[in-house]
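Trainee: Starting off with a structure, shown below.
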Amino acid sequence: MSTGTFVVSQPLNYRGGARVEPVDASGTEKAFEPASGRVIATFTCSGEKEVNLAVQDAKAAFKIWSQKSGMERCRILLEAARIIRERRDEIATMETINNGKSIFEARWDIDTSWQCLEYYAGLAGSMAGEHIQLPGGSFGYTRREPLGVCVGIGAWNYPFQIACWKSAPALACGNAMVFKPSPFTPVSVLLLAEIYTEAGVPPGLFNVVQGGAATGQFLCQHRDVAKVSFTGSVPTGSKIMEMSAKGIKPVTLELGGKSPLIIFSDCDMKNAVKGALMANFLTQGEVCCNGTRVFVQKEILDQFTEEVVKQTQRIKIGDPLLEDTRMGPLINRPHLERVLGFVKVAKEQGAKVLCGGDVFVPEDPKLKDGYYMRPCVLTNCRDDMTCVKEEIFGPVMSILSFDTEAEVLERANDTTFGLAAGVFTRDIQRAHRVVAELQAGMCFINNYNVSPVELPFGGYKKSGFGRENGRVTIEYYSQLKTVCVEMGDVESAF
């Protein structure tokens with residue numbers, strides 16, 4: 001398949017083990033191919049009746065799935081992981097067409113997706129409570145039980161991966177899930193739904209509804225939904241939390257960030273430069289945990305900046321389906337204009353553009369309407385600048401200088417966000433001392449933007465709460481029942 005040829009020809013809702021058209025609507029949306037600007041799908045947003053049918057189907061499937069043993073669920077999840085692994089290139093291609101990231105990166109995403117399913121398949125058979133001995137031979141025990149129908153609401157930067165990150169632990173615990181992808185990227189999650197069905201989950205266990213804010217509201221407020229997990233912006237996350245609170249539903253929120261990356265003068269320069277590029281330019285900079293505030297110790301500021309600019313200018317921009325492309329288009333034109341607007345404001349506030357920050361027009365005529373820009377490196381930045389304070393969500397790196405460890409820690413933590421942070425240094429004592437003080441949920445030492453499924457991922461402060469990945473996520477998709485067993489006579493106060 002090549003850029004500019006794909007068109008969606010099947011329904012984009014999934015319910016009861018099959019693709020379906022929604023029975024009612026809350027509007028229509030268009031999905032684009034960012035590389036070419038073409039419309040690849042016009043689809044109906046699910047209305048309240050469709051959402052209710054999806055939830056009821058999930059509720060029925062939950063009754064079957066929750067009664068299966070952990071090992072039975074394990075085998076089915078492993079089969080789903082195997083299918084994803086076999087269809088890796090197909091799924092990655094679909095992800096690239098609808099999202100715009102390079103096929104090189106998309107394959108990484110699909111690999112972490114099947115690894116996520118394998119990881120939670122391994123945990124499915126090991127979930128257990130504990131036994132507590134009480135006086136007189138009595139005892140108590142706990143049971144870890146599923147919640148019921150969970151809702152996953154995904155973001156457009158990692159459509160397939162996020163669906164796996166949310167559904168794998170949910171299903172491993174015995175839950176069902178209704179998933180709503182971003183209306184910008186509605187396509188690839190349907191492949192996951194079909195794969196789950198092929199692997200053997202009960203029909204209705206993983207359903208997909210399409211739509212925007214109205215559809216999300218129907219899901220969050222549905223009386224039979226037990227939990228909501230959301231990935232996206234802080235303002236939307238706040239609304240999700242408010243709507244869910246009315247039904248006393250637990251939520252997991254993975255929201256935005258403006259993360260610090262601290263480069264000390266004793267760093268390995270080559271690795272620090274590579275880390276800074278990884279922290280800013282993956283998926284065209286459209287990554288919530290990106291380390292976009294790059295603090296560089298003054299002794300190496302000029303050397304570091306020169307090398308970063310040199311490497312940034314070498315990034316191959318263009319058709320994301322070509323093997324040598326390393327940066328594709330941004331998600332859509334409004335977002336491209338928004339990111340370019342941040343660069344304009346940065347210059348007005350005194351920042352200096354060392355490279356990029358402007359529109360890129362590929363030579364291929366079929367890409368002329370795509371949403372491309374050159375990756376941007378800003379210097380002469382101050383902590384009070386808009387480009388340093390607000391999440392840009394594009395390929396824009398802001399470089400700031402610092403003198404001392406104490407100073408940079410205070411500045412790094414001076415943000416309402418707390419998703420991620422990183423430090424590059426050869427001093428292992430300093431590395432651990434610094435990350436202990438950083439107010440962020442995911443910290444990197446001498447690397448950045450790696451997300452092994454074994455490690456919990458989530459934020460502090462306004463970047464959200466709850467965790468995805470790692471063993472601890474089981475606690476966010478299950479509930480604990482305590483059973484007290486009396487082996488003697490009842491001691492009554494009456």
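The backbone N, Cα and C atoms fix where each Cβ goes, glycine too.
Sequence annotations record features per position, and here Swiss-Prot assigns active site, proton acceptor to GLU254. The active site, nucleophile annotation in Swiss-Prot covers CYS288. Annotation source Swiss-Prot lists NAD(+) binding site at LYS180, GLY232, SER233, VAL234, PRO235, THR236, GLU391. Among the features that Swiss-Prot reports, N-acetylserine is placed at SER2, with the record citing similarity to another entry. Annotation source Swiss-Prot lists N6-acetyllysine at LYS30, LYS298, LYS344, citing similarity to another entry. Residues annotated as N6-succinyllysine in Swiss-Prot, with similarity to another entry given as evidence: LYS30, LYS59.
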Trainee: For the recorded positions listed here (GLU254, GLU391), which one has the lowest count of neighbouring CB atoms within 10 Å of its own CB?
Mentor: GLU391
Trainee: For VAL234 (NAD(+) binding site), what residues in its own chain, 6 or more apart in sequence, show a Cβ-Cβ distance under 8 Å?
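Mentor: VAL234 (NAD(+) binding site) has long-range Cβ partners LEU255, GLY256, LYS462, SER463.
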Trainee: Of the recorded positions LYS30, LYS180, GLY232, PRO235, LYS298, which sits closest to SER2 (N-acetylserine) by Cα distance?
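Mentor: Smallest Cα separation from SER2 (N-acetylserine) among LYS30, LYS180, GLY232, PRO235, LYS298: LYS30.
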Trainee: For GLY232 (NAD(+) binding site) and GLU254 (active site, proton acceptor), determine the Cα separation and express it in whole Å.
Mentor: 7
Trainee: Given the recorded positions LYS30, LYS59, GLU254, CYS288, LYS298, which lie within 10 A of GLU391 (NAD(+) binding site) by CA-CA distance?
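Mentor: Those close enough are CYS288.
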Trainee: Have a look around SER233 (NAD(+) binding site) and count the other CB atoms within 10 A of its CB, chains all included.
Mentor: 15
Trainee: Looking at the binding-site residues LYS180, SER233, THR236, which has the shortest Cα distance to LYS344 (N6-acetyllysine)?
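Mentor: Smallest Cα separation from LYS344 (N6-acetyllysine) among LYS180, SER233, THR236: SER233.
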Trainee: Please give me the CB contact count at 10 A for LYS298 (N6-acetyllysine), counting all chains in the structure.
Mentor: 11
